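Enquirer: Below you'll find the structure I mean.
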Amino acid sequence: MDALEKGAVTSGPAPRGRPSRGRPPKLQRSRGAGRGLEKPPHLAALVLARGGSKGIPLKNIKRLAGVPLIGWVLRAALDAGVFQSVWVSTDHDEIENVAKQFGAQVHRRSSETSKDSSTSLDAIVEFLNYHNEVDIVGNIQATSPCLHPTDLQKVAEMIREEGYDSVFSVVRRHQFRWSEIQKGVREVTEPLNLNPAKRPRRQDWDGELYENGSFYFAKRHLIEMGYLQGGKMAYYEMRAEHSVDIDVDIDWPIAEQRVLRFGYFGKEKLKEIKLLVCNIDGCLTNGHIYVSGDQKEIISYDVKDAIGISLLKKSGIEVRLISERACSKQTLSALKLDCKTEVSVSDKLATVDEWRKEMGLCWKEVAYLGNEVSDEECLKRVGLSAVPADACSGAQKAVGYICKCSGGRGAIREFAEHIFLLIEKVNNSCQK
């Protein structure tokens, strides 16, 4: 992270004694429009994602819970519906491609603002220099994957309706702070925010507010003065479970578990999965075919995947297998998975559609695990899709979840666990 992303949010102290800029923003005329037509100030979401991350190489597009890291915040920003434009500022081709796949526009960051010494403010000012239409910038941190559209909607309202010049995100923490011991300077520690003789209980103390770095919104005039926090300021308090930041490797597994339980998965309301269709070759198996001396076909699969299938079935999810290859009856029988299977399939989408109708399901209740070009249409159509880690690039682009495991090496079990977590989210949302 650069200086701002680590919390140094200005190049100097915020202006003091400056008159409050609390007046609602003036409406601006649409450029190129006829007289009398007005529009609100242009609010742009801007995600800074350079390719030279030192903590975790290319972390901005590393898969978190099967989704490129940057994808989580882009999904939230686009679905919030409050931005006139959503941008990613980057100097890297791969990050640019991922950003466009999620529907964001791309600003190619210059080498001058892509250095290790460059600050977020440098990159934001550069962006504004190229985009005169932008009046307000919502700088959203790529490393905050639990961000929800509702957070952004409320902040946009604070800026547009309540007249704030800048709003930044905070989280409430109940942590006692102590001074640092420095040899030759301070030999003992002292409490900074408590009286040890009267230690408060958590429920008796409001705690303190800390910046969590999730986002910084500021008006153009403030940014051009060199600040992201100033003028009429306000904080936006995020829920603790949504306050996640990824900086080093140790943060990754913690963030992954948090995002699976508290992350934003899109506008579509999650439905409980009732049917999982899995491609045999390259998903259930590793795609290798062995031929014995007597010309018999031999394939193998991971016991973990068999257990995953069993767990799915016990939870009430039908599991069916599909293949475009002509697998022999002996081979299918030897699998001993007790799943309905269709082989020699030339049109997988038609077959899955037939199964769906047979079970009286909508597409949102169907999950699909595939790995080949022939699986792409199914992957795009179903409610929940995934591919093994070694799937072809076309299939990877068509899905929302990419397994860490390869085909025939635990991908089904991993996807099953993912399905169970999503079912838990559905049940929790219903209870609420």
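Each residue, glycine too, has its Cβ placed from N, Cα and C.
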Enquirer: Could you look at Gln84, Gln141 and say which one Swiss-Prot places alongside Arg50, Asn60, Arg109, Ser118, Ser120 in the substrate site?
Expert: Gln141
Enquirer: Among Arg35, Arg186, Arg409, find the residue to which Swiss-Prot assigns the annotation omega-N-methylarginine.
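Expert: According to Swiss-Prot, the omega-N-methylarginine annotation belongs to Arg35.
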Enquirer: Given 171-178, 267-274, 339-346, which one carries Swiss-Prot's motif 'BC3 motif' label?
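Expert: Matching range for motif 'BC3 motif': 267-274.
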Enquirer: Relative to the Cβ position of Arg50 (substrate binding site), how many further Cβ atoms are located within 10 Å?
Expert: 21
Enquirer: Hey, what's the Cβ neighbour count for Arg109 (substrate binding site) at 10 Å?
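Expert: I count 24 other Cβ atoms within 10 Å of it.
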Enquirer: Restricting attention to the motif 'BC2 motif' (198-204), give the mean pLDDT.
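Expert: Mean model confidence (pLDDT) across the motif 'BC2 motif' (198-204) is 87.
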Enquirer: How far is it from Asn60 (substrate binding site) to Arg199 (active site), counting Cα to Cα, in Å?
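Expert: That comes out at 41 Å between the alpha carbons.
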Enquirer: Of Ser118, Ser120, the binding-site residues given in the record, which has the fewest other CB atoms within 10 A of its CB?
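Expert: Across Ser118, Ser120, these binding-site residues, the one with fewest Cβ atoms within 10 Å is Ser118.
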Enquirer: Let me know the most crowded of the binding-site residues, choosing from Asn60, Gln141 and counting other Cβ atoms within 10 Å.
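Expert: Counting Cβ neighbours within 10 Å, the top one is Asn60.
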